[in-house]
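As given in Swiss-Prot:
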type	residues	note
BINDING	80-93, 280-292	NAD(+) binding site
BINDING	ARG100, ARG110, ARG138, ASP223	substrate binding site
BINDING	ASP223, ASP247, ASP251	Mg(2+) binding site
REGION	337-365	region 'Disordered'
SITE	TYR145	site 'Important for catalysis'
SITE	LYS191	site 'Important for catalysis'
Amino acid sequence: MDDTRSYDIAWLPGDGIGPEVTREALRVLEAVGSAHGFSVTATEHRMGGVALDETGMPLPDSTRDACLESDAVLLGAVGGPKWADNTGDQRPESGLLALRKALGVYANLRPVRVPAALADASPLRPDRVGGTDILFVRELTGGIYFGTPEGRTDDGARSTMAYSDDEIERIAHVAFQRARRRDGNVTSVDKANVLEVSELWREVVTEVHDDCPDVTLRHLYVDNAAMQVVRDPRQFDVVLTGNLFGDILSDLAAALPGSLGLLPSASVGGTVGLFEPVHGSAPDIAGQDVANPTAAILSAALLLDEVGETAAADAVRHGVDAALDAGFRTADLAADNEEDASTSAFGREVATRAADSVPQNAPTP
């Protein structure tokens, strides 16, 4: 690439703390862009509850179209108690499902890292959790959440778990490709001792692995995997699983760092990637400059990975770690005897340290 690389970002601040945490993510993107020779242009669009209030739709057509025309989508958070009684397509969260469908994404990436500086914040023993670095690769469009038939019957209810060979194969390829960039180990999680769908899952994943002999593969039943995530999380590198099991396991692992404010996510595989923090809109602290922007900033790092700016993505992660190592803590992480860093102050620290982690005119890798 030349020195005129540029990326158009569809910025969806959303509700609650979404605007303030993604604002810091954009600050960091601009800082590392200057250091790595690319520019970022972010254009704001409405989504979620704020879009409902203004347009009557949680995902206006104009927002959807802008996302499809962008290089990446950065989302803050959607929803809140104001819209808690809404149903169907009048729920703010329905806009997120519609956006994922429009973008065609099928792979959800959920990194869970416990930086050494924050090991004491974990509910687990620091010597067991410190240094944890797991990437959950969750299939996002199939499984029991979308299988048919489903619904209430005269005497009960039914849900259907279903996967096709192709759906399993494509998500397995994502997991093996990501493992090659990391430590080269994939743990595939299923329930093949009970479920026929899981038997197929294990068979197809094993077949895909035949084409990736440089990556190590092991299989775990989901109940054992849940125990192992708590017992020894550092054993995992990439965890590959279906929609239901991935939903549960990634939320279980989300407790390891000690704050949802540290957890980013990406939904990829379609025309454009969607990047968002795992946490919700937290309306009770919105607008107070106290929210932790780390998850949004690390989501921006995933965005950079996806568009090929891997050195800049690593610089962002280094900036977060450096700020934490220097003792900067937002309110959710600060000890009683520590001074809190505001949302904006923490974002500035990360931006400065991320930009300074490489020479100003570093060559493109």
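Here the Cβ of each residue, glycine as well, is placed from N, Cα and C on the backbone.
The structure, with features from Swiss-Prot marked on it.
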residue	record	DSSP (3 states)
GLY80	NAD(+) binding site	coil
GLY88	NAD(+) binding site	helix
ARG110	substrate binding site	strand
ARG138	substrate binding site	strand
ASP223	substrate binding site	helix
ASP251	Mg(2+) binding site	helix
ALA286	NAD(+) binding site	coil
Report task. Could you state the whole-number distance in Å separating the C-alpha atoms of LYS191 (site 'Important for catalysis') and ASP251 (Mg(2+) binding site)? Result -> 18
Report summary line: Smallest Cα-Cα separation from ASP247 (Mg(2+) binding site) among the recorded positions ARG100, TYR145, ASP223, ALA286 is shown by TYR145
Query raised in the report: Fewest neighbouring Cβ atoms within 10 Å: which of the recorded positions ARG138, LYS191?
Result: LYS191
Query raised in the report: Cα of GLY80 (NAD(+) binding site) to Cα of ARG110 (substrate binding site): how many Å, rounded?
Result: 23
**Report entry** Spatial neighbour of ALA282 (NAD(+) binding site) that is closest, considering only the binding-site residues ARG100, ARG138, ASP223, ASP251 and their CA atoms
**Finding:** ASP251
Query - Nearest-integer angstrom distance between the alpha carbons (Cα) of ASP251 (Mg(2+) binding site) and ARG110 (substrate binding site) - result: 9
Query raised in the report: Which residues does ALA286 (NAD(+) binding site) neighbour through Cβ under 8 Å, counting only same-chain ones at least six apart?
Result: ASP15, GLY16, ILE17, GLU20
Query - Cβ packing number for PRO92 (NAD(+) binding site), 10 Å threshold - result: 26
**Report entry** Where ARG100 (substrate binding site) falls in three-state DSSP terms
**Finding:** helix
Report summary line: For substrate, with binding residues ARG100, ARG110, ARG138, ASP223 per the record, max Cα distance (Å, no decimals) returned as 29
Query raised in the report: What other residues of this chain sit with their CB within 8 A of the center of the CB atoms of ASP223, ASP247, ASP251, the recorded Mg(2+) site?
Result: VAL222, ALA226, LEU244, PHE245, GLY246, ILE248, LEU249, SER250, LEU252
Query raised in the report: CB neighbours of ALA84 (NAD(+) binding site) within 10 A?
Result: 9
Query raised in the report: For the binding-site residues listed here, ASP223, ASP247, ASP251, which shows the highest count of neighbouring CB atoms within 10 A?
Result: ASP247
Query raised in the report: By a simple count of other Cβ atoms within 10 Å, which of GLY80, GLY88, the binding-site residues in the record, is least packed?
Result: GLY88
